[in-house]
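Since the structure comes first, as structure tokens, the remarks are kept for the end.
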């Protein structure tokens with residue numbers, strides 16, 4: 001009895017948190033799921049029923065395999081468990097098949113693979129120093145970080161309602177970050193290489209990894225003033241890193257290289273035929289750009305500066321995913337977005353090279369890479385904001401400045417995920433969960449940093465509070481007005497523009513804080 | 001975190017109480033008040049007739065008003081029977097949620113804030129655990145009822161009366177009774193406690209004034225609620241007939257009640273005539289709750305009041321007439337209130353109370369949510385109160401009892417160990433029975449085997465708890481008198 005008491009008593013709050021969130025995920029099983037559910041069912045079917053040579057060619061369903069090979073192998077492994085639940089889901093021809101057992105299996109597979117995420121959070125908590133800790137358990141940075149990560153609202157609704165497998169992928173990313181903090185660089189590099197072959201979206205943060213490993217791992221020592229010591233370069237380390245990456249890629253892409261299918265694989269992985277923004281604009285720079293374009297075109301039409309006949313008919317918010325033109329401002333090509341992203345990422349990468357600050361500097365550069373790619377990338381999904389939000393949680397319990405940036409980023413990022421769940425039944429759930437998470441994150445971080453100056457200035461507070469009326473307007477007022485028929489895209493437009501402002505602001509603030517941070521040594525290098 | 005509302009999405013439609021509530025909205029909106037409780041061509045009492053007091057009817061009327069604004073098809077007379085749609089389900093669940101938010105949750109939060117001699121952390125933990133109580137969440141949101149309204153009002157009543165706001169407390173409790181007549185289970189403790197207070201203040205002076213004021217409040221609130229039905233004698237009688245169907249038998253369906261369990265051995269329902277059944281149940285009920293009530297009248301104290309609420313409600317549940325298994329919620333609410341004082345036994349009781357409703361929950365296909373909420377509740381209680389470390393005699397409030405017994409049996413020192421072993425056995429039994437009910441099919445000759453087993457086992461538990469709570473109440477007097485505690 002006593003042993004059981006200790007297990008459930010004050011000692012093991014982490015297990016209690018992990019168990020609690022797992023129970024919550026079980027409750028979310030019967031909720032709405034998006035087309036991503038069918039996507040993954042289709043991939044289970046493809047990998048199970050067809051030989052490898054067909055995996056990237058199969059196109060019976062519109063949801064073709066567009067993740068790297070490791071994910072395909074992952075689905076293959078899952079399919080072997082799936083056949084005990086419902087054999088029918090593994091038939092490629094069973095489009096949109098979703099029996100109760102299929103649903104149960106898929107949901108449980110997400111919940112189960114989240115175990116890796118829980119482990120990664122546990123490792124991350126070890127990397128946080130608890131010097132600022134109060135006596136209360138709930139005030140310790142470790143506890144706050146665990147709650148912010150394990151109960152992250154965005155991850156919950158994207159993974160367990162909308163249906164995706166971001167949990168264990170984020171777990172891999174956080175684990176590799178934690179390994180860097182623990183000075184186990186080889187493991188971290190290996191984990192990242194594996195992650196890259198699970199989901200290639202993590203290419204966004206590859207620059208941070210590459211530069212950090214090169215600068216802080218291959219060059220084993222620094223001069224006293226923090227600049228590079230060229231003669232401390234270690235070829236052995238460079239070679240071993242290269243070997244790791246090469247081996248992982250070989251295991252992943254090897255079979256397809258042997259089958260001469262690499263071009264096909266790459267065309268599936270990087271579909272540039274899609275448009276700049278998809279049906280719902282991700283709240284990035286291009287959303288602001290497109291909104292400005294629309295406003296200017298409306299003004300131009302009113303002032304008779306533009307000829308109505310010359311305006312292309314395809315509207316960007318009509319929901320079709322295709323290529324289109326802007327009307328007033330110059331159109332954007334994939335190359336342009338790539339160049340913009342590169343320019344946006346370069347300063348942070350330079351900072352990482354010239355002012356290395358150990359793992360913490362790496363983490364900030366990683367977040368900046370993720371955010372910059374989100375801001376300027378081509379066909380970005382709003383779900384990609386989670387790539388920046390989760391690592392940012394690690395920084396938020398360290399310094400007050402980071403905490404305030406984190407809160408703005410997270411709150412607006414999470415709010416921008418609302419249009420993903422558009423059914424009426426999910427409305428109370430998403431509002432309740434969002435409120436709980438936001439209130440908890442703000443209050444706990446405020447308590448943690450109560451001795452420093454307040455986290456938000458009046459402008460930021462005003463902006464964050466404005467999210468409430470915006471939600472009320474979009475969900476409750478607008479559907480009952482007459483504009484609902486004429487301009488049905490206005491709530492989406494408003495949401496993405498409003499959030500884009502917040503995210504841009506957070507990105508900018510983080511950049512400023514990284515660039516103006518004094519380096520570890522004495523002199524300040526550019 | 002209140003995980004209750006999250007249950008709203010995607011649950012299967014419940015034909016029973018869900019349709020009943022929708023039907024009551026239809027009736028109260030479309031028919032004049034005089035016809036609400038009467039059988040007529042428009043109002044077929046056999047099809048979910050109104051059988052709760054007027055306040056429920058008014059509440060349904062209010063909801064119907066809102067429903068009309070959103071979609072009149074939901075409450076159209078006759079044509080909306082069996083109506084089901086996603087939007088309607090969301091609407092109905094929203095009404096439960098709003099009622100919860102307005103009445104029950106503030107009462108719980110206020111109650112926990114006012115707990116004395118308890119740290120802030122424990123207050124928040126208590127509030128969390130009470131709100132997470134699986135039984136109420138599952139019945140209100142899963143099975144679909146408005147128990148949170150009547151329980152919330154009763155809780156406001158408890159709050160008022162415990163902190164000397166007697167008039168407001170009794171007003172709140174009258175509202176509770178007028179919402180669901182089952183709240184009469186709680187009425188005796190209220191009556192005894194308030195009477196005790198009047199006696200204490202002296203029947204010649206302030207006590208008499210208080211008594212008169214209380215009587216006026218109660219009468220006024222009843223008159224206010226029943227006003228439209230007092231116009232004719234026949235109206236009042238008909239409503240009473242609907243509320244207290246004495247024509248029905250001693251029990252219906254399977255309930256964790258003495259009579260149901262006893263009928264496993266002896267079918268008294270069929271043997272004894274009707275009025276004798278009523279008399280027997282009446283006698284047993286009152287005999288079992290008399291000691292606690294007398295004690296409360298003589299020594300009124302908030303602590304004694306809470307425990308007497310538990311024991312009275314439990315006596316009524318076990319011995320009374322026409323008890324539904326959902327009535328265990330009336331016992332669970334007072335037990336939630338004493339959660340911070342005896343966490344171990346309260347958690348145990350609340351788990352058993354949820355378990356006793358297993359057949360009902362399975363019928364509504366609520367197995368997964370019930371397992372999840374029970375586990376969440378158990379984890380919350382175990383971590384907040386460290387219940388497994390608090391099983392000493394002192395913690396179980398059995399110190400006085402065991403010292404008295406030790407005067408006769410000096411070796412009576414192993415009470416905590418017995419209780420721990422009992423707890424372990426009970427949890428194992430509950431888990432086994434749950435698994436058996438879910439996976440196995442009952443034998444042909446005994447189709448109700450598992451339901452009856454569940455009821456029987458729960459009944460044994462409840463008897464044990466009845467004895468336990470009565471012990472606490474009765475032996476608390478010696479403690480109170482000797483140490484002059486004003487609690």
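Keep in mind that glycine also has a Cβ here, set from the backbone N, Cα and C atoms.
According to TrEMBL, the protein carries these features:
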TRANSMEM  B:90-112  transmembrane segment
TRANSMEM  B:124-141  transmembrane segment
TRANSMEM  B:153-177  transmembrane segment
TRANSMEM  B:207-229  transmembrane segment
TRANSMEM  B:278-298  transmembrane segment
TRANSMEM  B:328-351  transmembrane segment
TRANSMEM  B:366-388  transmembrane segment
TRANSMEM  B:409-437  transmembrane segment
TRANSMEM  B:449-475  transmembrane segment
Beyond the flanks of the transmembrane segment (B:124-141) by 6 or more, those residues with Cβ under 8 Å of it: 1-5, 7-8, 11, 93, 96, 100, 105, 108-109, 111-112, 115, 118, 147-148, 151, 326, 328-329, 332, 336-337, 339-340, 350, 353-354, 357, 361, 366, 369-370, 373-374, 376-377, 380-381, 384-385
Tell me, please, if the transmembrane segment (B:449-475) and the transmembrane segment (B:207-229) are in contact, taking contact as 3+ Cβ pairs under 8 Å between residues separated by 6 or more positions? no
Select the range from B:153-177, B:278-298, B:328-351, B:409-437 that forms the most Cβ-Cβ pairs under 8 Å with the transmembrane segment (B:207-229). B:153-177
Determine which residues of the chain contact the transmembrane segment (B:153-177) at the Cβ level, with the cut-off under 8 Å and only residues 6 or more beyond its ends counted. 53, 55, 103-104, 107-108, 110-111, 114, 183-184, 186-187, 190, 193-194, 197, 210, 213-214, 217-218, 221-222, 225, 302, 305-306, 309, 333-334, 337
